[in-house]
Structure formats: C-alpha cells, structure tokens
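Colleague: Pulled these features from TrEMBL for this protein:
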BINDING   Thr72, Pro73, Ala74, Gly75, Glu76, Gly77, Lys78, Thr79  ATP binding site
Amino acid sequence: MSIELPLVDMALAAGVPADAVIPFGRDRAKIDYRWVERLGAQLGHPETGSVEPGTNAAQPGRLVLVTAMSPTPAGEGKTTTSIGLADGLRYLGKGAVLALREPSLGPVFGLKGGAIGGGRATLTPAASINLHFNGDFAAIAAAHNLLAAMTDNAVYFDTHDIDPATVSVRRVIDMNDRALRAILLSPSGRLDSAGPGAGTHSNPGAHATRATGFDIVPASEVMAAFCLASSFSDLRERLNDMEVARTRAGKHVTAKDVGATGAMLALLADAFSPNLVATQEGTPALVHGGPFANIAHGCNSVMATRAALAMGEIAVTEAGFGADLGAEKFIDIMCRTSGLRPDAVVFVVTLRALRYHGGIANAARHIHNLRAVWGQSVVVALNRFDTDTEADIANVRTQFEGLGVPVAVSEHFARGGEGAAQLAAAVLGALDTPSRTTFTYPDSASLAEKITAVVRRVYGGASVTFAQEAREQLRELEERGYGKYPVCIAKTPASFTTDPKRLGAPSDFDVPVREVRLSAGGRFVVVMAGSVMLMPGLPKEPSALAIDVDAAGNVRGIH
C-alpha cells in the first residue's frame, strides 16, 4: 500500500471537515452522511426548475462515467479502468476522486471474482473491501429480511388483515445460491398444521405454505432505495413506500403499515454514510452501495457520488455491465433521481471482447447510443492486455477513429496512473466540450412506451411482447399513478437481446417481457425480460475453491 497520506488526512485535504470523517481502523473510514446531505441542500435539482435540463449546473465538480461494450464472461475491466483513470488524472495534476460500487460476495465466490480493480489499478485494503468491508451489505440484508419477518409476523397474528397468498416480499442473501431461488415458507414456522409451534389464533392462513424464495442482496429493493436516496429522510420515505402484500379487501400493505421502517432505518443508519478508501497510488475512493446492472439499476449511491464531486475537481464513477444496461440506467434512472449529469463518458473496449463479438459492430452501437440517444461526449479506452499486439491496436484505433471518437490506449493494469496518462489526457479534452444529457424517453410516456423505447432506441430491437400477466401488471401500475416512474429492465448482459448467445449487434428482434414489478423504494418499475433471474448460481468451479488464508493471516486467492 503506497498511500502517501493517512486516510483521515486525505479526507481533510479533500475538504471534508474533521467531524465528518469516521475512521474504521487504519485503512478505512466513512464520511458522515449528514455532511453529504448539507452538500446536497446547497445544490440545485432539475425538478425545482433551478437547473436547465441537460446541464450539470447542480454539480460542484465534473462527473465522468465509465461504461463498456457488451462484456465477455470475464468482464472488460471497467472498475480497473475507472481506478486507472482516476490515478492517471492525479498523475496529470488533477484532483480526481472515485465513486464506485461495493463488491458482492456472489461474484467474489462465483465466476467473476473480486471487484476492486487489478494489477497496479487496485483499491486497498483489497481483501477487506471484497469481503465484508464495513458491513453495509449485511445491514441492507438485515433491513430487508426484517421487513420480510415483520410481514410474516403480521400474517401469523392477523394484525393487518393480510391475505397470505399476496405476500410479495422475498428474503435476500449476499451469495450465489440457486437452491434458494424457490422455497416453501410457512408463517407458523411449520410445513404442516399440527404439532408444537402451530399455535392457535384467528388467521388460518398463517399455517398455509406459500412458494417464495431468496434474491441476491444487490437486487434488493432496500439496496435500490439506499443507493438512490438523496438524504436520510428520503430513505425513510422510500422504505415507507415499499409494498409487501395486500389485504383481503385488496388494499396494498407497505413497510410503514407493518411498522418496519424505523427499525430498518436503525439498521441502515451507519451504513448510509459513504465508505472512504484509497487506490494503491493514494487516490481517494468512495465505495458505497452495490446493485447489479443486469437485475437492478447498477450504480453506486447518490450520496457517494455527491461526496466525490465535492471532494475533487473530477469524480470518476462507473455503471455495471455494458452501456445498454449500466449507462442506460445511470442516465434514465440515477440522473433523473439525483439531478446529476455526466460531463463525459469513457467507453471501455478490449481486443478480446471485440473478437468475441466478431468485430466493431457491438461497440459501435453502444457508442451511437451514448452520443445520439443520451448526448454524451465519448472517449474510447482500449484496455490493453499484455498479449495485445501493436498491429491489432493500430487496426482497432483506425476503426474507432472512423466513427469520429477519440481513442486512448490505457495500460493502467501494468503501469498504474502513468499508464493511464494518455486516457486521462483524452478525457480532459472531452471535458472541454461536455455532454448535454438527454433521456431515452420522456417522463410522460406510458410504462409500455418506455420499455419499447429502450428496446428500439438502445437495444436495436423491433418489438416487445408482453405476457398476459405483464400486461395486467402494467395496467394496474398505470391506474395507480406509477406510469410516471422510469423502467429498470432486467435482462442478460451478454447481448443486446434476451438471448446471451446472440452476440455482436443483432437487429429487428423481439424482447419478451414475462413480469413487471413495482420498486416503490427505488421509484422505478422492474421489467423482467427473457429468462433472467434475481438469484444467480455458482459455476461448476467457483472462485471460492481458490480462496484461503495463509499462515500470516492474509487472505489469498481472490482474483
């Protein structure tokens, strides 16, 4: 670890007041959310009319979003590139600060491994961040599962006239565990209606089993509320509104109704403050929240991004998977919610992914979307591997320059900030003509129109086929006033389509939508497209097989 300043001194040097820095041991800290709230109160928001649509007047610094082409199974290095870019900007004398998502244990022990960068572009303390970190995911899981427990308790004692068959809240765990996708549950604690523990009370439905299951924590509605909340009071309102069931008369029952919100907030109070760590080269990094982009909205917390913008000249953040998922949700959900706007976008490609997709077409469509659909100023970052040849790099550079976008080769993995200096310089050039953000669809469009707009304008598809259940769910949500919400489409990250085997840039395809769910806490509508699931499974040879602790107490094997 080559951090030049102790973490607290680093925060103070970045303008954070001493009473807002909460040390967590020697190499981690939190930034008090109340300081971040005060920052937010000083900023404008487009809904108030104080910020011109498309501009970044609500931001004290410049915001750079890192996204990518549709990835290979191993990923193309967005996090590593984000870290390298921030180090590269500081290498050029700019005050850069990172805002990134926290790793989930699912990928750490599953296929992709850790999420703190790699090589010379790495966050520290690496093992701690990849594993339990400061306990935020545990707090989010506990808050979510408390709500589920209190809902079933209300069913058991029949205190809210809940129809047991309508309970919709599932449990969560931060692990890839396919065995928990579908379970049978009984509020009485028994899968039969007789014997000890069955109890006697007025609700016969308390003994009825129901089919439910677990989702992974990054897909939790509490995670969405946590990451998109602009203040602790906003978080309270979002949790209040989470719907868990219906009464026998058909009235929707919320977390507020079952009395869970206060205790959920108590579990989340410490976690809501963004986490501060650093890169190997000493660049401050706010690592907070962790929704996946394929099954959730894919961005770190609004609180962390605002803190990063206040602490540096340039904040570097990323959105998960390819631009069709992460960048679309960053712009259509996160930017709408927060009032923040990216000033430039770094689009990560690798020669490996270009070969995987059979050429440049996949990347070209993403770049078109970033520029023509969302109004972004784009720089292509070629994340160089040690096996890449100069001839191949020159060929790819020529192809991207033919699209009219600047290209920078980045060697941050091997050389750290110095190796990312070319990319950092290109980003500074892009910031001279910053983005003017536009959305995929207007707020006034219906939910079905919003889904269709994403499919046609972003994915390149021709149509959407809604299952009967999905059509009925959309109709009900519109009737209840939720048509104003943005949509969060859950689909495979491997393709523009819902078929992970259709690589490249297919066109004129149909997207099947099987189900639509309200995320009242996230203030969006989740659209289940294709066969995507909210609980991943482990691969045949999970990364967990290689992880151990050596004789000195060091965690080894997280890749």
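Each Cβ is built from the backbone N, Cα and C atoms, and glycine gets one as well.
What you are looking at is a predicted structure, and each value in this text was computed from that prediction instead of being measured.
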Colleague: Ten-angstrom check, please: count other Cβ atoms within 10 Å of the Cβ of Pro73 (ATP binding site), all chains counted.
Modeller: 11
Colleague: List, in sequence order, the same-chain residues at least six positions removed whose CB sits under 8 Å from that of Lys78 (ATP binding site)?
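Modeller: The list for Lys78 (ATP binding site) reads Val66, Thr67, Ala68, Glu318, Gly320, Val348, given in order along the sequence.
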Colleague: In the structure shown, which of the binding-site residues Thr72, Thr79 has the fewest Cβ neighbours within 10 Å?
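Modeller: Across Thr72, Thr79, these binding-site residues, the one with fewest Cβ atoms within 10 Å is Thr72.
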Colleague: Please work out the number of neighbouring Cβ atoms within 10 Å of the Cβ of Glu76 (ATP binding site), leaving out its own Cβ.
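Modeller: Within a 10 Å radius of the Cβ of Glu76 (ATP binding site) lie 22 other Cβ atoms.
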Colleague: Per DSSP, Pro73 (ATP binding site) is which: helix, strand or coil?
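Modeller: The three-state answer is coil.
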Colleague: Should Thr79 (ATP binding site) be counted as helix, strand, or coil on the basis of DSSP?
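Modeller: For Thr79 (ATP binding site) - judged by DSSP and reduced to three states - the answer is helix.
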Colleague: Other residues near the ATP site, CB within 8 A of the CB centroid of Thr72, Pro73, Ala74, Gly75, Glu76, Gly77, Lys78, Thr79?
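Modeller: Neighbours found: Ala68, Pro71, Lys112, Thr350, Ala353.
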Colleague: Measure the Cβ-based neighbour count of Gly75 (ATP binding site), defined as the other Cβ atoms within 10 Å of its Cβ.
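Modeller: For Gly75 (ATP binding site), the 10 Å Cβ neighbour count is 21.
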Colleague: Just checking, which of Ala74, Gly77 (binding-site residues) has the fewest C-beta atoms within 10 Å of its C-beta?
Modeller: Ala74
